[in-house]
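Feature annotations, courtesy of TrEMBL:
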DOMAIN    1-142  domain 'PUM-HD'
REPEAT    3-38  repeat 'Pumilio'
REPEAT    39-74  repeat 'Pumilio'
REPEAT    75-116  repeat 'Pumilio'
Amino acid sequence: MEEILRSTCILAQDQYGNYVVQHVLEHGRDHERKEIITKLAGQIVQMSQHKFASNVVEKCLEFGGPAERQILINEMLGHTDENEPLQAMMKDQFANYVVQKVLETCDEAQRELLLARIRVHLHALKKYTYGKHIVARVEKLIAAGGKLCLLRPFALPEVSNDILCWS
């Protein structure tokens, strides 16, 4: 396990090694997940734009705790109101899936912040092949009143516009 954790960044970008890192994120101990996310922090945007590493970043969002998820979201938003990292990710062939995953896995407050930052760029995103994926996801969220429409365990559904949504 020490070898895997030591080589996280290299393995994440490898066509086979990324599956090893994903497995640890999904089935490993909390401290191992935290260590993997810590090692990837600071290069989330670049990793998200990589064919294999983007899958690892998605698993980080899915299996990381709230604090780790916040670190990843902060990095995606960047340090200015321009949201340059997020903009680049939304237009990228691999990173756009990471943006969709973050909308799926974040809490309500994080989702509202992300949607506010994304809405500003919706019109421009329609011009990009991969940006259209984000536009479709955001329009679906907005149509559902900002609620995320997917299965969540232990949530009570409410029916709205023929879409099953959870608050």
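For all residues, glycine too, the Cβ spot is worked out from N, Cα and C.
TrEMBL annotations: computationally assigned, not manually curated.
Mapped onto DSSP classes, the repeat 'Pumilio' (75-116) shows 31 helix, 0 strand, 11 coil.
If you take every residue in the repeat 'Pumilio' (3-38) and average the pLDDT, you get 97.
Per DSSP, the secondary structure of the domain 'PUM-HD' (1-142) breaks down as 107 helix, 0 strand, 35 coil. If you look at the repeat 'Pumilio' (3-38), the same-chain residues 6 or more away from its ends with a CB under 8 A from one of its CBs are 47, 50, 52-53, 55-56, 59-60, 62-65, 68, 71-72.
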